[in-house]
Amino acid sequence: MFCNKTIMITMKRLKIVALMAVLGFFASVVSVKAQDPAEGEQIFKNNCTSCHAATDEVVIGPGLKGIGQRRPIDWLVKWVHNPQAVIASGDKYAVDLFNKYNKTQMSAFPSLSEGQIKSVVAYIDAQAAAAPAPAADGAAPAAGAAPAEGSSNGGMMQYIMVALLLIMVLVLIALLSIVSSLSKLASISPDAAEAQNVPLLKRLAENGKKLAANSAFKTGAALLITLLIGKATIDAAYGVGIHQGYAPEQPIQFSHKLHAGQYQINCNYCHTGVYKGKGANIPSANICMNCHNSIKRESPEIQKIYRSLEKDEPIQWVRVHNLPDLAYFNHSQHTNVGGLECSNCHGDIAKMEVVQQRSTLTMGWCIDCHRKTDVNTKGNAYYDKLVELHSKDHKEPLKVQNIGGLECSKCHY
Amino acid sequence: MENNTKRYWRGIEELTNNAEFVKYAHREFGDAPSENEKGEALIDGTNTVRRDFLKVLGFGVSAVALAACEAPVKKAIPYLNKPEDVEPTIANWYASTFIDGGDYASVLVKTREGRPIKIEVNPMSSITKGISARVHASVLSLYDNEKLKGATIGGKPSDWATTDKEIIAELGKVSARGGQIRIVSNTIVSPTTKKVISEFIAKHPTTKLVTYDANSVSGLIQANGGILPSYNFSKAKTIVSIGADFLGTWLAADEFSEQWAKTRRVSSAEGGNKEMSRHYQFESIMSMTGANADYRSTYKPSQEGLVVTSLYNALASKLGATPIGGASIKIDHFDKAVSDLVATKAASIVVSGSNDPAVQTVVIAINAMLGAYGNTIDAGMPSNYRQGSDAEMTSFINEAKAGQIGAVIFYNANPVYNHPRGAELAEALPKIGLTISTNDRADETGSLCKYNTPDSHYLESWNDAEPKRGFFSFTQPTISTIFKTRQAQSSLLTWAGLNGDYATYLENAWSSTLGGKSAWSKALHDGVYEPGASASFNVPQTGLADAVVSISKNYKANSDKMELAIYEKVIMGTGSQANNPWLQECPEPVSKACWGNYAMVSLATAKKLGLDQEIELDTHEVEVSVNGKSVKLPFIVQPGQANDTVAIAIGYGRTKAGKSANEVGANIYPFASVINGNIAFSNTGDVQVKATGKSAQIARTQTHNTVMAREAVVQETVLSAYKKNVEAGRFKPEISTAEGKKTATDISLWNGHKYNNHAWGMVIDLNTCTGCSACVVSCNAENNIAVVGRQEVINRREMHWMRIDRYYSSDADVEDVKGLEYASENPEVVFQPMLCQHCNNAPCETVCPVLATTHSSEGLNQMTYNRCIGTRYCANNCPYKVRRFNWFRYYQTDEYDFQFNNDLGRMVINPDVTVRSRGVMEKCSMCVQRIQAGKLEAKKEKRRPKDGDIQTACSQSCPTNAITFGDMNDETSEISKLLEAEHKGRAFGVIEEINVKPNISYLVKIRNKDEKVKKEEAAVEHKEHA
């Protein structure tokens, strides 16, 4: 009875979810015609996430769920282009909003076109439509199943390994017992009987002495020790200067897990140089202040930023990723031109409470990637002729090494 | 080195194959440093040297080092409040204006993280087309640690408020009792600064502005009726210069270089320009301009005036004008110059470097007779490069001596050092009650003043400039003041009782002129505002008759007495930037000597004085005395100098400029004489030259790198031959093979490289390269090249990646002793910029045992410092001798106390280029950092790089565009077009016979001379006739 009921409810829910999903899909298909939620997502993540969520949640500004229905699109465009002007014009909604959020001024985005703003709205709507889906029971297990499956895979491997080990131990025991019984049979002689009377320890000592006197054994042992020491030394030497896993304590306990992970603030928001210049740049304190002049003011960690601003003393972060001076590395070449994700080299920063160096940052590591990686040639006229020339002689796509990515003067000058 | 027609040499020792020269020819870097050489001691004052230290500790050190290998904690310190327009690691460029006295250039300043690190020419300026070595080096002067750190009173640091209070009170007292106040300055090209001075004069009416110039042309200004006309060499077909080094030091040399080069650029393409101007130079010393002339001959300083009158008379007789008298002088090529001037008439220009108004009056008359006014000379658009008046300065010094001056303000002027009567002024200064100096350091003059109120460097300042009437340019600060300095204009405004905010003063003045703030912002952004001026010309009134009388009195047609010629070096100039190690170490184009001045004489005079030929390192010390004053200097033989003339450069012998300048060379300003009230940069009095018996050394690079008697290093021809055959003068070496003779460039062991992407290359036109060395200093700044100091240059260890090779040549036969002797008296000169040739068959690449030097897929010869172990095999195998070995840790050793060894100096380092450590080889990278940056910019914009986007430091700096850099794979690029035109014309690779296939091509030098009939041919013809 009880069972049936739950099943029925679940079924009903599933129907609703399916219906909603279908509706949401149609809705998004319809909206695609005019706007592109994918483009909207890009714009939203780059520009808006630091203050707004696509849900009801208030970050700094209001949650934007249902914004397309809440406000007419013309008003939104005006607002995004110049919020101050809208407030100054005496628009009641705008003034109320301004007052409600402690008179915090929203940044203006005059560079966004009307189409782009519509795309963002389309994206938010699509999010709102899609949002209930994962929350529903039907979808949840599917999401949960993936990691479970992953772990069970790993578990299986472990079981097999343990089983193999057990079998090997058993075989060893069997072999040993055979050897001992055989030797017992073979050693039934007077000498052996006599020998058996000698205490075990003494026997061992004598055998040891014999062994030590054996020159072949001595050479072998010396060789083995030398080799082991040599290997250890070389391993240690290769490790010199490699600081993989380096996760120093920072003056302020800033959590990437919270900012980049939970709040999904785009890396570029704080690391302003990452698409533009050589350095990604550690954010200046005024970037922190964009949000933290109103959020979490009481946190002792954030108080440290206020103090440094008051005293006019810059924050001395500890540098995690250190390349030697003789190597030139440019972020924009890799992120902007190469289209690489930050996590490619920095690991899953979004999960790191304290940032640590995930890659070795050795030259071998660089070169290895340059050997394997395809050049991001799509839509970049710089590479057109190179791709054409390359494809004449090669079947494989153009790799970084094919355009001189292994040459000294690409990084050393 | 010889090719089919000529013999070339770099120094007399090479010509005569001196034993010392032969010994060093095989040792590019001199003797290896000894163990105890400086810089090697680990602890100062001990004998513990590096090698001993390692011997003792040996492997233990490395073991300990390995065990304790904890990475040092590095800090990353961001801005607290990042300025909106500053993005770390991305350079910002600002337009600004370089002003040093009358030297002017409209520039772009590259800043990184708020520090200016490089100066380039502002392409929006119609006046500045190239900037000199001094302008390039000026960025290092910004970081000069020996400038005053703030205001001082009586040599003791003070604050500005106290200083202002005291000065205002004292000025008030002087003013009240009607005492005379003088502002002593070099040329001021800034109209707003002049306005500030007039505000000051309004407040203190007894004030007078005294303007003088260390390299005075007041005679020229006087003869022109108080203005300086604009010269346009680009319109000239015949150029005659009588002692004016107009490509090197005279007035606006960078501007003239560009104009001159326009008349010298030829093209081998079908229908390309094959006409050139013809340039005659008559002078006493071998100037850089003379070295570039087609015909050149010498006169003694005492003849100068008569050379000019003779020229007038010769022209007058041909053009039907009345001769003016004056003794006639015969010098080589004189008649030819006259007939060329008559032939080209209005398209001619005659300039004189004399500071005698009488001489300049005759020159004006000559130009007027030729019709040059309104064509090559424009008196309607005066230029403001020099405004100094020697008469004003003389009367100021007289007044000061007589105790008639109540107060003096030295506005960035150092007359105690750079005025011939500086010593008299120094004695008179205590008689002046109030002495103020705004000089940037407590220099020779400043240290004698009670108040030092240091002016800010131009890169920290606001200002404007009007180099020519109607052409304005602006200076904006690119860094906030490093020390507690204050702009002199602000000081003057403050002392005049006005608001001392000069930035606002300037903005207000210009906003109203330009019509609003946005127009002012645009003008600042562009750096220039060029409304122009209505150009109407008028030939200056000439007092010709008086001039001739004066000339006849002051000059002599013949004199066998020793005379002194005083000249300005192209690199060092007047010595205002003497404490700049880049300038000190840059070799002078012609003498190839750096770190000091020296007494130059001709070979014949040296023999007459009983001083045998100097060899490169060790020479004699001589004592030059003039009317009782004497100076001791090393002595060198300078081919091409007038006989019985000793020449010494100004700009050296500073005593209070700083570590790099003090006691380097000797001060020759006091030896200048006076003619017609103006300073004459010569002395024809009682000049004696005596050997002191001591030996002396000169840091001189001329034979540091020899080409080991290889052929065809420089190639040249004459214009008439070139017109007949565009390949005239080309030397095409052939090599005998089993299959007969083959062109050297057709034989190779290698398969060659394939360049799919870019093929970077360079073309250097020997015809327009003047040897000015701006590229050398630009390269120093761009590539963090270490300054090694005088002793290390003597030890042959200079680090310059780029050098200008200067070759002397003559047509004389090698066996012809008489001919050679003449040759070394007046040789022809070729300048050849030499840098890594980025060979496709690079000899260095094949010998490196560790693959530290390799070839890139874009045609560059790459040098990887961190892989180099310093075997120097590559340098041994380099036929061009362009690889430099880094012997010492120039950035952490106290002996090399230049910019790399103090925190302030290090601010000039280009962060995109590694500072090399000791023990590695370095060389030109073809500015690979700029290539990479340019490519990245293009990739970001999803396009191919446009031609001209990427420039090497040298090609960007060349005032005459002699260096063209670009992608040879890009058919639309300038270099491709140039090579297309010159491939079957003037283009050649240096030392083609070894076929290393360089990516740098040179274009044959062409002299606009008559073709010389070869002796052998003439002889053959003669025989045939017989």
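Glycine residues also receive a Cβ, built from the backbone N, Cα and C atoms like all the rest.
According to TrEMBL:
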{"type": "DOMAIN", "residues": "B:760-790", "note": "domain '4Fe-4S ferredoxin-type'"}
{"type": "DOMAIN", "residues": "B:827-858", "note": "domain '4Fe-4S ferredoxin-type'"}
{"type": "DOMAIN", "residues": "B:859-888", "note": "domain '4Fe-4S ferredoxin-type'"}
So if I exclude everything within five residues of the ends of the domain '4Fe-4S ferredoxin-type' (B:760-790), which remaining residues of that chain have a CB under 8 angstroms from its CBs? That is, six or more out.
117-119, 130-133, 135-137, 139-140, 247-248, 253-254, 257, 260-261, 264-266, 288-289, 291-292, 570-571, 581-587, 589-590, 594-596, 664, 699, 714-716, 797-804, 806, 829-833, 835, 838, 858-860, 886, 888, 890-891, 895-896, 898-900, 908-910, 913-916, 924-927, 930-931, 952-968, 975, 978-979, 982, 987, 999-1006
For the domain '4Fe-4S ferredoxin-type' (B:760-790), give the DSSP counts of helix residues, strand residues and coil residues.
10 helix, 6 strand, 15 coil
Kindly report the helix/strand/coil residue split of the domain '4Fe-4S ferredoxin-type' (B:827-858) according to DSSP, in that order.
5 helix, 10 strand, 17 coil
Looking only at the domain '4Fe-4S ferredoxin-type' (B:827-858), what is the mean pLDDT?
94
For a three-state summary based on DSSP, what are the helix, strand and coil counts in the domain '4Fe-4S ferredoxin-type' (B:859-888)?
8 helix, 5 strand, 17 coil
